[in-house]
Amino acid sequence: MVAFGKRLKERQVQEWQQYYINYKLMKKRVKQYAQQIELGTQDRRHVLKDFSRMLDNQIEKTVLFLLEQQGHLASRIANLGEQQDAAQQEREPEIRKMSELREAYTTVGQDLLKLLYFVEINAVGLRKILKKFDKRFGYRFTDYYVKTRANHPYSQLQQVFKHVGLGAVVGALSRNLHDLQDRQGSYLSIYDQPTLPLQDPVIDSVKAAVDRLTHSTNFLDFLGQHALIMQEELPAPADENVDERYHFTSLLLNLVNTFLYMVNTYIIVPTADDYSMHLGAAPTVCGIVIGAMAVAQLFSSVYFSAWSNKSYFRPLVFSSIILFLGNTLYALAYDFNSIWILLIGRLCCGFGSARAVNRRYISDCVPLRIRMQASAGFVSASALGMACGPALAGLLQTNFKIHNITFNQDTLPGWVMTIAWLMYSIWLWISFVEPSREFEEDHTVDKSEKSNAVDGDALEKGLQQPLLITSEDKVDEDADQDNDDSEEAPEESRRPATSIGSAYRLLTPSVKVQLLIYFMLKYVMEILLAESSVITTYYFKWSTGTVAIFLAGLGLTVLPINVIVGSYVSNMFDDRQILLTSEIMVLIGIISAFHVIMPYTELQYICSGLLMFVSAEVLEGINLSLLSRVMSSRLSRGTYNGGLLSTEAGTIARVIADATITLAGYLGVGRLLNITLVPSLFICIISIIATCYTYNSLY
């Protein structure tokens, strides 16, 4: 990530330099405090008092200038309003005069955008310097400072983060510009019809800037960051070209693609062991059958990510065709009595994984004001697909033939998905609109600063209450940024990674730990889900329908868990605490799932499985929310982006887990449970140790 000090320095050179918070000075002061405390020449209480006073002075300087600029803008709008009233009282107002008024209002809007951006930069700087202070001294100074200042009647923090005065200026500008618009003789105001669109683009730009300050709800932000779609920490005030490229039906088609792919992944889980036995293989070969899709996805993620640099429509069409063929082969393998056709069909399904395109479309073509909602929709579609897949398999309990083609519980999942992808392909061909790439071709440097596919938003958790964030945001942005005093980073340092190796070298130690955690939780979840049919059949004689209900029930916990964590838990506890607690709960779930007590009961299996799955879901939410904020900005762009790295880490975990199930099956189904849980236990312990070591070294 490009250091905030350098980004702030770039802005300060242009204008208003003396009114920005002096981030460089405060950072140096923090270093001095650390040295003085280490040498014993300074009392900690005095450090807190002195730093609080310095922050108060910096905020006051910024707020007084903000109020002054608000007054100038308000005065200009008032003068323009008088001119507008005078012009409208004339029987036939001059078109030239009305055009000049509109241009003048637009100029005010552009100046208002600069002021909003000024507030945004200072808000980010305040949050960062508070986090840096907490990291250096191990204090919870941020909590103290916010609690004592934010709700005080004379609070100047409220001016920065509530921006009431700016809201009034925005409202006045919007109303007057609206009145200048030709409404075909209508005398209605914006208050009578608030849904009427404002045609002047400066208003949309201002609204986008305000949205970044007041942003979304905690739950939407938390859920959206699961998608690992993020952008520059200080984005441009507006991106009108993104608004022009946005097409709702195309976005919906991307989300439907995500949903169908997740259904396709999990619809075979309840019947994969039964299908393998019908083809003459051992039931544990289901691990290879399920994992074949993940193996292919390792490669498809890369070429789809690269393909999305040039097009969105063509890779989606290719994905639909490959998935149509893959599911057809999967269904026909029964009548051909060939395990190889079955595996080839699943490999084709994996080669059709277009999740990289789905993410890229959201980050590139969805306006900032709704990008978090779209990201949350991406995660929700994935979660619903994961639940619907097994549930749908449980409903397909029938057996009949048409022209020597068998339709039963093993083949129907393939046939159902074949029809689904055929219908989707037709809808895609008719309705998808390929976004224009002219802007990207003409402005490749600017676009490279804004695009792609690591999930999260610009000003994590929004700036409505940004100083309440005390976790690792929250973690490592500053771990590798103690060189903020150096000269501006060269252009090379802002270019996207050109290979997996170069992308890996951009990862800080804590990001590597978070990817390890992601690997661990995906491994544990895949072991639980992929072997569930074999384990429950062996121990409890569950039918396919019962297994489907169990898996669907697990999938249905995803969204409620994210609601609870995103709306409540993440606001009550530090992310480090939630992260470590979730890892420990996963560990407890793994230990409780071992078969050491005879007999092995359904209650033990269900409770341990539920504990593992729910804890892993909580862990995934916190981990990805954190990961979306701390990756280098160079990993938010290009083919080899952070989203690809996380996808590859999770996919490799699934491949290894499925291979473990198949290999363990050679030792007998009776030993399968304990043998597959041992690697899960080992990896979980390693991730807990790595988490404790990394965060203790940083804090």
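Numbers here mean position along the shown chain, with the first residue as 1.
Cβ atoms are placed via backbone N, Cα and C, with glycine included.
Per TrEMBL, compositional bias 'Acidic residues' is recorded for 474-490. If you look up TrEMBL, you'll see 2-147 marked as domain 'SPX'. The region 'Disordered' annotation in TrEMBL covers 474-497. Here TrEMBL flags 251-269, 281-304, 316-333, 339-357, 378-400, 412-430, 515-540, 546-566, 578-597, 603-627, 672-696 as transmembrane segment.
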> With pairs 6 or more apart in sequence, are the transmembrane segment (546-566) and the transmembrane segment (603-627) linked by at least 3 Cβ pairs under 8 Å?
Replying inline: yes
>> When you look at the transmembrane segment (578-597) alongside the transmembrane segment (603-627), do they share 3+ Cβ pairs under 8 Å, ignoring any pair fewer than 6 residues apart in sequence?
In response: yes
> So, does the transmembrane segment (672-696) come close enough to the transmembrane segment (339-357) to give 3+ Cβ pairs below 8 Å, pairs being at least 6 apart in sequence?
Replying inline: no
> Does the transmembrane segment (316-333) reach the transmembrane segment (515-540), going by 3 or more CB pairs under 8 Å (6 or more apart in sequence)?
Replying inline: no
> In the same chain, which residue numbers or ranges, 6 or more beyond the ends of the transmembrane segment (672-696), come under 8 angstroms Cβ to Cβ?
Replying inline: 284, 472, 475, 509-510, 513, 516-517, 519-520, 523-524, 527, 531, 534-535, 538-539, 576, 579-580, 583-584, 586-587, 590-591, 593-595, 600, 657, 660-661, 664-665
> For the transmembrane segment (578-597), which partner among 281-304, 378-400, 515-540 gives the most CB pairs under 8 Å?
Replying inline: 515-540
>> With pairs fewer than 6 apart in sequence excluded, do the transmembrane segment (251-269) and the transmembrane segment (281-304) have three or more C-beta pairs that lie under 8 Å?
In response: yes
> For the transmembrane segment (378-400), which stretch among 251-269, 412-430, 515-540 has the most Cβ pairs under 8 A?
Replying inline: 251-269
>> Which sequence-distant residues neighbour the transmembrane segment (251-269)? Criterion: at least 6 residues beyond either end, Cβ under 8 Å.
In response: 275, 289-290, 293, 312, 316, 319-320, 323, 327, 330, 346, 349, 352-355, 357-358, 361-362, 365-366, 374, 377-378, 381-386, 388-390, 392-393, 413-414, 416-417, 420-421, 424, 427-428, 431-432, 529-530, 532-533, 547, 551, 555
> Under the DSSP assignment, what numbers of helix, strand and coil residues are found in the domain 'SPX' (2-147)?
Replying inline: 127 helix, 0 strand, 19 coil
